[in-house]
């Protein structure tokens, strides 16, 4: 076939062939949109009543301060997704963050927030102070720490270590910030071991002055909040040497800057530098080069030095004197424990709200994607932490009440309980923030969404005011002393919640039904069995080591594994006990029901997570399996209440983050242009 004929045939085939089969046109899938969970998630109990139980006190005062902060431009408001959110600007330099912290303090001062914090009288004034500090800490941990150092540490030292002459001279000026205080206890070489600090103070009877000196580099005061930039005075902790005899650690008021902010003679101050968090706090280092201060600057509620140089104290035993001296410092542990709970609340409110509007994957073709919180695995990640946070919240309130009603007879109890709850609540907070960060996926990495950044801001809580692992061992030492005294005197246990040791040992059933697992008596029996058995084992091991020639301190040190297990057992039992008391105080049946659900979740998760229940045989493997299955059922039952439970925290939307609400609009192009 010639080329012309071939070309004509190709054209004919194109023109006469049947059309190809019709292909379905592509249809556009609808874009994801944000649907407020409030449209489908309804509360089945009174959220306002539950908030009263979790906040515990001063609800109206808290709401007033929330409003004051949210409405001020000083607190860095930003509009995203049609809502106002406030948080510090972490893009600022360290120096800028510190100055903003001080400006916010002065803003709060001018509006009367600190009125009565040191000069007010009674439990009502104390509780209001705690409530305001908790609100401030939800906005910015740096701001809360800077305020806490000034009022609770510097101001608290003057209140509790000082006498009338100190109160009259310093408290009102501290409350008005005419004096800016800091607290110089920690040294480069000594943190938890306060008795080992190396700063030395002597007395010159010729001039009536104390002379404070930093004898070596390891004695420099370290991590002193407020020292690097703003503090004018400090309470300096030092060994007191009188006529060649070391009388132990005492506290002295020392001026470190003049009214113009210039560092005083014989004082050297250096910056601790940039930190992984809390860069709004100006942590500094202090050296004292034979600084002379008046004799009256010794805080003398426990001991004094006469004008002619004689040491005076009604407490002759050095150990008792040291204990009395440090007893008031438990306020630091109280505030740390409480603030860690509020951090957990924010993390969970954000992560759970996000999980109630964010979807991922379909379980069948042409079906909508599934809400994150409808996945059993996601429920298992977040809902047990939510129940534990409620448990921690009730115990934080108990701790505040215990501290507010302190008496000399309660010093030991407050020390032990504050140590236990500070450790338990801060450990829980860090685990909660990590899980919330992961549960939010990539959004959890954004600073504006809080949960990721909070980890670096609150990590310090695990070690300041006492390393948590050291606190666990201190608790066990105190329990050991109670155990030995009770056995030696053949008297019943009394105090620290150890009364359960007086009865017969609880027996765990060989098979655990769902009804039994949820029974509060069974739960308390299981926790008490663990505590009493570990206490007996710990005492037996320590006493055995002592009988073999070990000193008591060495015996404690060698028994640290049981000591830490015992410390956790004491903490968990006390927290469960507080939860049951709150539950039994509730009169509203729907609220009582949700509290029972949360309490069961808390108790069973602790039993599942702590290896001690299996390690020491309190649970069989069969019972452990039953317990694990019951937790999944509890998750399913908690799921319909998830939104109401985080709403019951009473946290204003502005203190949460964009992903807790309309995360689509918050990330829209229009928000970039704005």
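Glycine is no exception: its Cβ is also placed from the backbone N, Cα and C atoms.
Residues annotated as domain 'Acyl-CoA oxidase/dehydrogenase middle' in TrEMBL: 182-291. The FAD binding site annotation in TrEMBL covers 186, 225. Here TrEMBL flags 329-479 as domain 'Acyl-CoA oxidase C-alpha1'. The active site, proton acceptor annotation in TrEMBL covers 465. Here TrEMBL flags 523-656 as domain 'Acyl-CoA oxidase C-terminal'.
Here the features listed in TrEMBL are placed on the structure.
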| residue | record | contacts (Cβ under 8 Å, 6+ apart) |
| --- | --- | --- |
| 186 | FAD binding site | 221, 222, 223, 224 |
| 225 | FAD binding site | 145, 146, 149, 153, 182, 183, 281, 282, 283 |
| 465 | active site, proton acceptor | 329, 332, 333, 336, 422 |
Rounded mean pLDDT within the domain 'Acyl-CoA oxidase C-terminal' (523-656) lands at 97
